[in-house]
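To start, the structure itself, in C-alpha cells.
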6 protein chains.
Amino acid sequence: MRNDQREVNNLRPIKITKNYISHPEGSVLIEVGNTKVICNASIEDRVPPFMRGQGKGWITAEYAMLPRATAQRNIRESSKGKVSGRTMEIQRLIGRALRAVVDLDKIGERTVWVDCDVIQADGGTRTASITGAFIAVVLAFGKLLETKAISKMPVRDYLAAISVGVLPDGKEILDLNYEEDFQAHVDMNIVMTGSGEFVEIQGTGEEATFSNKQLQAMLGLAEEGLQQIVEVQKELIGNLADRIGETNPAK
Amino acid sequence: MRNDQREVNNLRPIKITKNYISHPEGSVLIEVGNTKVICNASIEDRVPPFMRGQGKGWITAEYAMLPRATAQRNIRESSKGKVSGRTMEIQRLIGRALRAVVDLDKIGERTVWVDCDVIQADGGTRTASITGAFIAVVLAFGKLLETKAISKMPVRDYLAAISVGVLPDGKEILDLNYEEDFQAHVDMNIVMTGSGEFVEIQGTGEEATFSNKQLQAMLGLAEEGLQQIVEVQKELIGNLADRIGETNPAK
Amino acid sequence: MRNDQREVNNLRPIKITKNYISHPEGSVLIEVGNTKVICNASIEDRVPPFMRGQGKGWITAEYAMLPRATAQRNIRESSKGKVSGRTMEIQRLIGRALRAVVDLDKIGERTVWVDCDVIQADGGTRTASITGAFIAVVLAFGKLLETKAISKMPVRDYLAAISVGVLPDGKEILDLNYEEDFQAHVDMNIVMTGSGEFVEIQGTGEEATFSNKQLQAMLGLAEEGLQQIVEVQKELIGNLADRIGETNPAK
Amino acid sequence: MRNDQREVNNLRPIKITKNYISHPEGSVLIEVGNTKVICNASIEDRVPPFMRGQGKGWITAEYAMLPRATAQRNIRESSKGKVSGRTMEIQRLIGRALRAVVDLDKIGERTVWVDCDVIQADGGTRTASITGAFIAVVLAFGKLLETKAISKMPVRDYLAAISVGVLPDGKEILDLNYEEDFQAHVDMNIVMTGSGEFVEIQGTGEEATFSNKQLQAMLGLAEEGLQQIVEVQKELIGNLADRIGETNPAK
Amino acid sequence: MRNDQREVNNLRPIKITKNYISHPEGSVLIEVGNTKVICNASIEDRVPPFMRGQGKGWITAEYAMLPRATAQRNIRESSKGKVSGRTMEIQRLIGRALRAVVDLDKIGERTVWVDCDVIQADGGTRTASITGAFIAVVLAFGKLLETKAISKMPVRDYLAAISVGVLPDGKEILDLNYEEDFQAHVDMNIVMTGSGEFVEIQGTGEEATFSNKQLQAMLGLAEEGLQQIVEVQKELIGNLADRIGETNPAK
Amino acid sequence: MRNDQREVNNLRPIKITKNYISHPEGSVLIEVGNTKVICNASIEDRVPPFMRGQGKGWITAEYAMLPRATAQRNIRESSKGKVSGRTMEIQRLIGRALRAVVDLDKIGERTVWVDCDVIQADGGTRTASITGAFIAVVLAFGKLLETKAISKMPVRDYLAAISVGVLPDGKEILDLNYEEDFQAHVDMNIVMTGSGEFVEIQGTGEEATFSNKQLQAMLGLAEEGLQQIVEVQKELIGNLADRIGETNPAK
C-alpha cells in the first residue's frame, strides 16, 4: 500500500470542470488528487512568422505555477525575468503532445495558445496539464465548429498523460503524488493517444538507472491508467466525442 | 441604470471562499461580480536584507493575471522577461495598503508574501485584490496565533478597497466593471480602514479632469460601499474578528 | 515653522530656465528649492504602433535621476538592466497628466517625448517634473506653430503639480522637501489645471492613515500653491500665454 | 540503404581526441560522423549554495553551439540575452546523465563543470555530447587521482548515448544524421550504462505517434549501438578503464 | 578654416563650473564648445569584492547621455535594458585613464565612483568627460584631505584628454566638433598626463586607413592642445594644485 | 630572453588551417602559439535595417570564448544574459578593422557575419581573431566569386593585427603571451594593412603611462611583425592573392 492507501496501479481521483474561466474559447479546471491546473485554450487568427503563408495552423503551450502552488513559496518567474529550464521543458512537451493529435492543416492560419496554470501542486502537474489541455483544445475547436469557422473537428484522437515510477523498494507505481515523486529512483512520463499509440516517453533516473524489465512494467501500468483517463475525457466532452477523428483519412 | 442593471451606488455581489488553496498559511478566492482573484498569504521566517536586525517584520505583495483572464490574451510577463509598469504600480499599492493596518513591530522578523493572481478579470482587480488579501493575511496571522508564534493579532483595523468613477454623462458611480472602467472619464481607487480613515486615494483623469465637487461625491460613494464590504469581511473571519485591533494602544 | 523656516503654506522658490539644452524642441531647467530637473520635449513625426492611422498624436514621458542626484549614490537603472517600479509610476503619471490638457486630435500623427532628468533631488521631483514638463511641451508646440506644422496651440489649459503632506505632529504642509517627505505620515501629490480642476490625486499613508478633514486641508493648501505656480508659468511663456486654450470649443 | 549508405543498424565513425584543449582538467574533441563537439570538464573546489555542508559533490553541464555549426547561422544566445528552451533541455539532460554514474559522495565538496560546445553539427549533438563528456569527466577524475585529491575513481560505470528513430517509410534506424533527423517521424535519445541499464529514454513523435513494437525495435538498435560505443570508450581511457566501478559496493 | 572658424590647432572654449551638484564629494559641469557634461565623483567606503582585503582602493566610471543630448533623441539605455557597446567602451576608458594617475595604494579601501552624464553633445564627449572627471576626483580627494581621512593627495599628475582627426581633405585637426567627427576619415582620442606621458591612444580609421606621418601630426596637435587644457585645470583647482604629485616617490 | 625563449621582436609560430568547419562560406582555425581561434565568415543575403536600399553591404563581427579557453573557467555570457564590455570592445574592433579593407559598395546588399570563437587562450586573442578573420572573409568572397555572385574580389588590401607592449623592466616586446600581457605596463594592439597603413592603434597604460619614444619603438616592432604575418596570409590564400586589390581605382 502507498502513502495515500492506493494500490500500485491506482489513479488518483480525477475531476474536470468545463468552462471554468469565461473568456477563453476552451477552459477547464482539472484536479488530479490534490493537483489543480487551470487549462485555457485561446484561438488567435494568425500564426507565428515562421509559419505564415502555408495555410496551416499552430499550437503552442505555456505552463506556470502560482508561487504558492507548492509547500514552499517559489519566486515568480516574471520577477526573476526569465523562465526556468523546467518550465521550458514542460511547455515544449505540452505543445508537442497536442500537435501530435491535431490536424494543423485543417484549422487555417490560426494559433491555439494553451495556458496551463498550476494553482495547487501535488505531483504530476505536467501530465495533468496535458490531459486537461486536450479537453480545453477540443472545447475551443467546438466553438470554431459552432461558428462554422471550420467544418470538421481537427482532432484525430484522444490524448492523455500520466506518470509512472519506481520506488526505492523497486516497486513500479502509477500516478505519483509529490511525496512519491520526491522519493522515486525513476520518474517517467508517458503521453498516449486514445488508440494506445505513444506520443512521448520521458524516463529518467536521477542518480539511478533502470532495466528493460522495469521499463516494460512501467509502460504496462501507464497504458492501463491512460485508458481509464481517456474514458473520463470521452464522457466529459459529450456530443463532441462523436467528432473526434473525423479528419482521419480512414474515417 | 447601469449596463448591468445596478444603481450608481450598488456594489456587485461579493463572494469570498476561505482556504481555497491548501499550501499557503492564508488563502482566499475572492469574486466581485465576474472578477476572480486568488489571494495567498505566505509567512517566511526572515525579512529582506534592508530590514534585518530591527526585530520587526515586513509585508510585500505581488500581483499577476493569467494570460487569458481578459477578453484578449495577454503575453505572460515571465515570457516578456519583465514586469509591466501597471503590475508594479498595483503590487506596490497592495503592499503599502496592508502595511498601513498591520503592526509590523508585533510579528517578529518575518515576511508576509501576499500573492494576488487574477484568474478572471472584469474591472476592479486591484481593489478586489486588496479586499481579499486582507482576509488572507488575517488567516495567516490566525495560524501564527494558533501555533503561539505570536501572541496578539497584529492587525489594527479592517482594510478594504473599491473603485469609483465618473461616466461620460457626468454621473458618479461605485464599483466599475470593465466596460464602465473603459468608458469612464475619471477613475479612482479608494482604500479605507474599518473605522473610515483613508489609506490611499488614487484619482486619475485620463485625457480629462474633475472638480472638487465630483471628488466629494466619489468619496461619499466609496465610503458607503466600503462599509458594506467590511461587514462581509467581519462575518467571514468569524472568531478572529474579536482580535482585530488587539495591539492598538487604546484597546 | 518648518525645518527650512517656511510657513506651512509656503512654496520653495521656483526658477525656470527656458531653452536650457539646445537640441530639443522644448527644454527647461526647473529648480524648486534644491530640486533641479531638466525637462526636454522632443517632437517625433510618427506615433507608436497602437495609435497609427487614427490621425491623432501621443504624449509619453520618461523620468530618471542621475546616480548622485541624491545624498547616497544610486545604482544606474541602465546598469541594473531594468527600470524600477518607482520610476515607472512617475513616468506614467507625468505622461497621463500632460495628456489631460493637450488636444491630441490637433497635433497630427506626432509623438511628444518628454524626458525629465533629475540632476539634483531634494523632494518633490515628480511634481517639479510635471510643472517643468508643461513648459517644455508648450515651447515645443511653439516651434510647431512657428513652422506652421500646426495652426493652433493644442494645449487647453495650464498644468502644474505640487506635494502636500501631514507631519508626525499632525500639521498639514505644502511642498515637502526631502527631510519632510521622509518624516511625513501622509504624502500626497496633486496635479491641477490652471482653472482649478483636478487631473490627478495620489494620497498615500505609509504605515499610517488619514481622515477626510485632513484630506480637505491638504487639498486647500495644494490649490493655493498651484495658483501661484501657474502664475510663474504664465509669465514665463510670454506671448504663447495668449494661445493656451485656443482649441477649446468655448473659446 | 540510408542517405549516407549506412545500414539501419550502423553507427557513423566515432573519433575521440583526448586532451584537445590544454587548460581543462579533462578535455576531448568527439567526432561522430560530421558532428564535432568539444567536451571540457573543469573541477571547481566548491559546490553550489544548495549543496554546501553535505560533504558531497555536484556535476553540472552547459551546452552551446557555435553560430555557424549549422547550415544556417544561428543568433548567438549571449546576444539574445537568454538561453533557449532547447539548450536548457539538453544541458539538463547531460548533467543528469553524468550524475547517474558518478558517486557524488566520493568526490568531496567539488563541482565538475562540463562544457559541451558543438563546433560542427550534423545530428546527434546531444548524444555525442554525453558520450564525449563521459570521457572528459573520467580524465578529470584521473587528474584528481594523480594528485591524490581523491583515492578511488568515483565513476561506477560507463555512460554513452545514441539516437534512434523511425523514418517516414516506417523503418527504425540507429544514429540519425541531420537530414534523417529532420525527416524522422519519431526521434528518440537513449542514454545507457556499460552494463546495459537505462539512464534516460526520451522518445518523441513530432506530429506523429509510435507503437510499443516500434519502441522495442528502437531500444534494440540503441542497445546494440551503445555496446560498440562503450568499447571505443574503454580503449580510449587506457589504464583508467581498470578503475571504473571501484567505488561500487560489490567490487 | 574649419566649419566653426577655428584654425586646425585651435581648441574650443573650455568652461568648468566647480561644485555644480551639491551632494557629490566632487562635482563639475564641463563645457567644451557646445558639449556639456556633468562629472560627479562619489566616495564609497568599501571596494568591490575582487579587491577586498588588499588595503587599496579602486576607481570606476560610468558614462551616459540624456536621450536628447543629441540632435535626434536616443532611446534610454535603462528602457532598452542594456548598456550599449559604445557606452561600455567609454566608461572603461574613463576609469582606466583615472587609475593611471591615482595612487590607489594611498586611498584606503575606498571606491571612487565617477559619473559622467552628457547633457548636451557636440563631439568630444568622452574626452571632455575625462578632463572634467579629473577635476571632480581631485575635489573629492580634497574633501577626504579636509576631514583627514587621507593625509596626502593621492593624485600623481594632471590628466586630460582631447580628440584629433583627419578630415577628408587630408588635413589634421584638433578637438573635433560633431560635424567634423562625422566627416573625419580618422578619429583619434589621446589621454595624457600633465608631464606629457601618454595614458591612452585610440586611433581608428572607419572604412579608411592612415600613415605614420599622419599619426605623428595628430600626436603633435594633441600634445599642444592638452598642455593648454592642463593649464585650465591647474588654475581651477587653486590650492589643491600644490598637492598634486605629493605621493610621488621623487617628490 | 623572454619567458618562452623568444627575442623581443619574435612572433610566436602561426598556423592557419583553411576550411576548418564545413558549413561556413569561409572558415579557418588560426593558432598563434597556444592561442587558438575558430574564425567563420557567413554570407547573408540582406543587410541590417539601417543600411537597406543603399545598394551596399555590411560586415559585422562577434567574438566569444569557450568557458574553459582560459586557466580559470569563465561563466558563459549566454548564462549571464549579457555580453561583457570586453567582448563588445573586441567585436566592434574586429568589424571596424575588416570594414577598412573591404569595398562595401562592391558586395551588394549582403552582410558578412564574422564569428571569432576562442577555443584556447594564451594572449593575443583579439589580434589573432583579426588576422584569421581576414582569411575567412577572403575565402567567403572567393565562394561568391566562384558562383559569380560578385565579379571582383572586394578586398582592397591585406589586414593583420598584432600586440606590442612594454614589460616592467622597460623593454618593448612583440606578440605578448598571456603571462607577458598580465605583467606588461603598457599593452598596445596594432591593426595594419598589407601596404603598411594603420587601421587601428589602441595603446593603454593600466595604472601606468608611456612616452612618445616608447610608442615609436612599439610601432616599429609591430610593423616588422605584421609584414611577416601578411606573408603567411598571402601564401595561404593561393590563387586568391592575385585578386586582392582588384577593386582599387589605381589597379
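Using N, Cα and C of the backbone, Cβ positions are placed for all residues, glycine too.
Because TrEMBL annotations are produced automatically, they should be read as predictions rather than curated entries.
Taken from TrEMBL, the feature phosphate binding site applies to B:Arg86, B:Gly124, B:Thr125, B:Arg126. Marked as domain 'Exoribonuclease phosphorolytic' by TrEMBL: B:11-139, B:157-224.
Secondary structure of the domain 'Exoribonuclease phosphorolytic' (B:11-139) per DSSP, as helix, strand and coil residue counts: 40 helix, 41 strand, 48 coil. Mean model confidence of the domain 'Exoribonuclease phosphorolytic' (B:157-224) amounts to 96 (pLDDT, 0 to 100 scale). Excluding the listed site residues B:Arg86, B:Gly124, B:Thr125, B:Arg126, the same chain places B:Tyr63, B:Ile90, B:Val118, B:Ala121, B:Gly123, B:Thr127, B:Ala128, B:Ser129 with Cβ atoms within 8 Å of the centre of the phosphate site Cβ atoms.
Working note on the binding-site residues B:Arg86, B:Arg126: by count of other C-beta atoms within 10 Å of each C-beta, B:Arg126 ranks first. Counted over all residue pairs in B:Arg86, B:Gly124, B:Thr125, B:Arg126, the record's binders of phosphate, the longest Cα to Cα distance measures 13 angstrom. The local packing around B:Gly124 (phosphate binding site), expressed as other Cβ atoms within 10 Å of its Cβ over all shown chains, amounts to 26. Non-local contacts of B:Thr125 (phosphate binding site) by the CB criterion (under 8 A, 6+ apart in sequence, same chain) comprise B:Thr35, B:Val37, B:Met65, B:Ala69, B:Ile90, B:Val118.
Each residue in the domain 'Exoribonuclease phosphorolytic' (B:157-224) gets a DSSP state, and the totals come to 19 helix, 28 strand, 21 coil.
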